[in-house]
There are 4 protein chains.
Amino acid sequence: MSSTDFLDNIDSQLDWQRGLYKDFHRQPELGLQEHKTSERIESELKDLGLESKHVSKTGLVTVIENGQGPTVLARADIDALPVSEDTGLDYSSTIDGVMHACGHDMHITALLGAVRLLNENLDAWSGTYIALFQPSEEDAAGAKAMLNDGLTSKIPKPDVAYAQHVMPLPTGTVNTKAGPVLSAGDSVKITVHGRGAHGSMPHLSVDPVVLAATIVLRLQTIVSREVEPGEFAVVTVGASNSGSKSNIIPDRAELLLNLRTYDMGVRDRIIASIERIVKAECQAAGSQKEPSFEYYDQFPLTDNDEDANEAVTKAFEDYFDDGVVQPANPATASEDFSEIPDAFEIPYAYWMIGSSDADKYKKAAEAGTVNTDIPANHSPQFAPVIDPTLEIATKAQVVAALSQLGS
Amino acid sequence: MSSTDFLDNIDSQLDWQRGLYKDFHRQPELGLQEHKTSERIESELKDLGLESKHVSKTGLVTVIENGQGPTVLARADIDALPVSEDTGLDYSSTIDGVMHACGHDMHITALLGAVRLLNENLDAWSGTYIALFQPSEEDAAGAKAMLNDGLTSKIPKPDVAYAQHVMPLPTGTVNTKAGPVLSAGDSVKITVHGRGAHGSMPHLSVDPVVLAATIVLRLQTIVSREVEPGEFAVVTVGASNSGSKSNIIPDRAELLLNLRTYDMGVRDRIIASIERIVKAECQAAGSQKEPSFEYYDQFPLTDNDEDANEAVTKAFEDYFDDGVVQPANPATASEDFSEIPDAFEIPYAYWMIGSSDADKYKKAAEAGTVNTDIPANHSPQFAPVIDPTLEIATKAQVVAALSQLGS
Amino acid sequence: MSSTDFLDNIDSQLDWQRGLYKDFHRQPELGLQEHKTSERIESELKDLGLESKHVSKTGLVTVIENGQGPTVLARADIDALPVSEDTGLDYSSTIDGVMHACGHDMHITALLGAVRLLNENLDAWSGTYIALFQPSEEDAAGAKAMLNDGLTSKIPKPDVAYAQHVMPLPTGTVNTKAGPVLSAGDSVKITVHGRGAHGSMPHLSVDPVVLAATIVLRLQTIVSREVEPGEFAVVTVGASNSGSKSNIIPDRAELLLNLRTYDMGVRDRIIASIERIVKAECQAAGSQKEPSFEYYDQFPLTDNDEDANEAVTKAFEDYFDDGVVQPANPATASEDFSEIPDAFEIPYAYWMIGSSDADKYKKAAEAGTVNTDIPANHSPQFAPVIDPTLEIATKAQVVAALSQLGS
Amino acid sequence: MSSTDFLDNIDSQLDWQRGLYKDFHRQPELGLQEHKTSERIESELKDLGLESKHVSKTGLVTVIENGQGPTVLARADIDALPVSEDTGLDYSSTIDGVMHACGHDMHITALLGAVRLLNENLDAWSGTYIALFQPSEEDAAGAKAMLNDGLTSKIPKPDVAYAQHVMPLPTGTVNTKAGPVLSAGDSVKITVHGRGAHGSMPHLSVDPVVLAATIVLRLQTIVSREVEPGEFAVVTVGASNSGSKSNIIPDRAELLLNLRTYDMGVRDRIIASIERIVKAECQAAGSQKEPSFEYYDQFPLTDNDEDANEAVTKAFEDYFDDGVVQPANPATASEDFSEIPDAFEIPYAYWMIGSSDADKYKKAAEAGTVNTDIPANHSPQFAPVIDPTLEIATKAQVVAALSQLGS
């Protein structure tokens, strides 16, 4: 039989995968706390006859050694988000305020499905396949955690690494691109200081609520006025919090910012502008204490290797029907996946799986309302269509692996 | 002996009062949760040989019937605030995030001291003295709670009611004023709706953080442009909260506003302006869902009875040394105290006790820096100077009572 | 005949006054350029048989010496404003962009009418009457100009000085108040510097249009947050101008501010806050050049002498029908009139003449829409109702004079 | 002799060109008023023995018919800007408030130099050369004016059209690019309505200065939040003007906006957002009159023909030294040049000439301070380095022409 024929067997395991997906979706866990998720993955692998080992507390790796040949690493991220689900699905999150709003449950399930297909069809390929389940992608802590726990010495060195991500694109598509596909990301927590007072005595206060508002608006001018038009740059204030009672003027405000760039010079200038603006607005407010800046969740650029991307793209085009494989646009999101191949000094490819209802997407595209009608990752309404997203994502992992390991 | 001579006995009980004050300060409790505070008051009264009864869960009343004469009610509020103490005092709050930042601990201790002095000197006066310990003044819920629990039928009808409050004025002063002394207050919780998205995809969002910032700034123009100059009006945004992670654009923001006015027409126009501004800013943002407005913590005007105020002012002037009694400025704060005399349809007087270090205050006044150098009520640094504040406040309650009950 | 009976003669001269008023209204002239206005006044006085002399280029004084008795000075201001009239009146301004939008035409006409009445009834009074027509009140330059031109040595020293002003109050009223009636006023021209660039290259600019906008909004917080609630304070940005073409980012912006206060300490703190805010916003913008602050048009407080005010109030009450004389509220406007009595070191009284349609005012007052339905001074729709405003204003000047000069 | 050898003759005419350039620079004229400029060009052409004809009042065309061969049109724009020169040059503008701040004086002078070279070396080429001097490029009125005056019927139909522009790039470079090089541009004049009042009576006004400020800041969020990151879009408020006196709150504000986009869908969404924001901010302000939107100066996309661009690029590379020809980045500016070839339905190429001091540019580039240290077009400091900018620009026009007309 030719190397991909066994993929037809997927029909017999899709029900198992659908159930798994819904279970993971019901039990989302925040980054570095994916204990039940990790246990379930371990247990499923065991059922398939595969040993796995923990690398970091909630990270997991299984290695299928299947004779001569290259070594391929495939990675799925497993953490969820502090979002309150609002999809109305019957398999909605059972955990208050936590949701798989970025589709990592789909990534886990697809990778488990790929592992099963490869493990049950060992004669169709040869080499080594490593399935890696990574915690805490959302805050760029998980790849680091696994590397800090000795990942590079605990598994064979791969020749190439793969990862995939569901996106608000039509289900039934796989989207690839050489070069930069995901931006660099930086987060910063800014604390500004006012002077607390009774709510009825504003003249005794330095109002941090007003101060935070002026900062939020001034920060908009970095992208609108300071960055060269057409240059990719995002400055998001994801959280602005100050005070807890109407009648107490608080004494501080906290802002959480997220930056995305494709150019490190642009990134550095944006950071300088943020600090300049925040410090000056504190002076405008008459703040008596310097603001503080705490940088965290710093994500690398995801920059697909030309050859690795070309190899998987060709394999996808050979296997999938016409129209499935699409050129991807660079996405505004960030990922810590690349830290793993970078630690091994190996090439990598990262592609995107469409997961939105294809008809709705088409209508929205025609109406020019994709942005408003198609819920995006991190939205409380983000809900990948299970079929055929799950099947395509599972097959994509296998097809990519076979591009290296197939006979 | 003349009617106020026994006040000299206060020396023998001041150590007890200082200890009590520090104990209350160490154990602050939020509104309607003042269980330990209420128990301690009850126990202290018992030690003095006085019965007390609960009116509402944490409200307490004790009545001293001492022959013929008028009935005087004196009220102390007993709740604390969700403020993290930052005074550095050795008797600082032991409860994380809760603090007696408005001096109610001083009010309790002074009233307990007055009760002891009056109770131990029954021959110096005649009539009935009611000491009322009221919960939850800060959110205008406590007076209502006691009235709802039948206060007017559970105690004798008073002829007059008194209350006092520590203020960032020089310790050693008692400050009185006829007519309006405290403003009407209204709180409103505003929820505005955006559209959540991944922090890197602002074009898929309607950003509620930016929306809240535009609202906070636009609201400033109500006082700066819409209210007639010189008219008393405060519009404070005490809390503005949106989002919890840097890389998730949230789908809503919540604002807590507090208004203070001395004129109901002004109040109504301000409320109309708030709603107009919030609705329009939501439209400017492209928000797809109407904002909501929830009104709460609505405080009455505190408007001292001319005669009641004149009587206590004269008594204070007769008893205290020159310079102690000062004319009060109307304060920007609000109180629910007046709901109690209003329910009985009786006159009332409300005065202010200076509690800031007198020398520091004088220097700050000369330097024009009172507002920045003297911590005000609700500030994490608010710390009444115990001496002579406690003594003056205790004596003020007794002197006021004696103005009606003295022989 | 009793001293005010001759006021009935006003009927015979009202048509002349109405024509004069409309002529002045059609020919408004800006401050220090009131050449035609000044000539017309001179010519009307000549027709009455009175000599007048110029003090400053466009200021004019006439003195009626009529025997023994005190000396009274009455002053009318004569300048117009750079406002484009939008009243639809058939006697609208014929000068593009210039309008008597503050009623000084009414002040001139009333004073000329009072002069005629007094001059034609010399037997009804004795003493000296000085009618002073002052230029350039709007920018506080006219009183200074007359004083600089030697006013105090060119006319007899008065015993008291009077001035009046039309206001958006019901016609048929005269409104008086002891003590402060008009605020102190200060203007400041602020220039902030950006960096010009082509409109399509914002990243090469420091955008002064955005900078000016942040300053305008931040300045609102002085009144809304920094001034004690209830304290009178106005910070108006009357003009904000930057740029002239859509596709050129300009290199500077100019703001013209006007402040009003009743307390010099408040005034000084506001000025400090303005400078703090502007400098800090320039830093937030990345401006490379310090902003400049140029103070001008600085108006004194108008603070009516207790006795002088009481005397005119009593005379008004004696003469006018019930309901005509009303207590005035302190007004937010400023005046340079007081510089003249201050130069002579004499007391003064300044009162207000209602000039709005009485029925409309009443309806608006009942509906609470005075502020939106009754055009105020400086509005393009400001249009005093001629009758009875003109008659009342004329008689008020005579009655005030007779309170000192009447037999 | 080979076809470009005669370019060495440029040495003998460069002094004449330098003098011409300085003369044009001293005498800038605004769009459609370029009378003296047009006369001078006509007179210089006459001195070269060439007739020219006016097409539109200030547009000029000269045609050199030189035997068989293709027809090439080269265009220079001739208008200046309302900018006050601040270069300190000894040949600075002598016209107050008007400046050649976009280098059109260099374009004229280079094209005149190219005409002279071609006209004096007729044996080096054959075909037809059309030099077109276009008025009023800055407001997109000049190309239209020439077309409206019958340009297409007044000159031979060209086979290709060329234009060039100086840019803040290192002098000594010519920069080319296929496809889109300049954005589409749209201007819009927005008038918003407040309610005028005396500056001391903000409560009687609807303040348009504050309204304009909120609009300017809200507009920033279109690019920062609504446009997809990385998509080219500029929303510049080039002018914001309201009021003229500090103590009059004006009744309207006027904003002049300029938009730049490379995608018509993005352009349409931005225009919709602008109108949504302005209308909603007017509501937030309580404005009683709808804002007005007036669109003007609408520039087409400049989209270089692939073949035409390749031909000139190759010719430049063949003629100039290594390093002179550089790939251009798409620029954020707009041009109306393309309306001329579009009217003839012919291909065109548009390239950029570096005009900044090369050493300064290099240092600034290394320090990452190009944007702040190198004055850009439309800046009061914009000053092309004459040598070798003028020589390179002249030769570029000749070399481009010879790519079609050379033997």
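Heads up, the Cβ atoms here are built off N, Cα and C, so glycines get one too.
Unlike curated entries, TrEMBL annotations are predicted automatically.
Features reported for this protein in TrEMBL:
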BINDING   A:Cys102, A:His104, A:Glu138, A:His165  Mn(2+) binding site
DOMAIN    A:187-282  domain 'Peptidase M20 dimerisation'
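Other Cβ atoms within 10 Å of the Cβ of A:Glu138 (Mn(2+) binding site) number 25 in total over all chains.
Chain B comes close to A:Glu138, taken from the binding-site residues A:His104, A:Glu138, A:His165 by a C-beta to C-beta distance under 8 angstroms. On the 0 to 100 pLDDT scale, the domain 'Peptidase M20 dimerisation' (A:187-282) averages 96 in this prediction. The DSSP breakdown of the domain 'Peptidase M20 dimerisation' (A:187-282), given as helix, strand and coil counts, is 41 helix, 33 strand, 22 coil.
Other than A:Cys102, A:His104, A:Glu138, A:His165, the residues of this chain whose Cβ falls within 8 Å of the Cβ centroid of the Mn(2+) site are, in sequence order, A:Asp77, A:Asp79, A:Leu81, A:Gly103, A:His107, A:Glu137, A:Asn377. Proximity to chain D (Cβ-Cβ under 8 A) holds for none of the binding-site residues A:Cys102, A:His104, A:Glu138, A:His165. In the three-state DSSP assignment, the secondary structure recorded for A:His165 (Mn(2+) binding site) is strand.
DSSP classifies A:His104 (Mn(2+) binding site) as helix under the three-state reduction. The Cβ of A:His165 (Mn(2+) binding site) has A:Gly103, A:His107, A:Ala333, A:Glu335, A:Tyr350, A:Trp351, A:Met352, A:Ile353 as same-chain neighbours under 8 Å, each 6 or more residues away in sequence. Taking a C-beta cut-off of under 8 angstroms and a sequence separation of 6 or more, A:Cys102 (Mn(2+) binding site) has the following same-chain neighbours: A:Ala80, A:Leu81, A:Glu138, A:Asn377, A:His378, A:Phe382.
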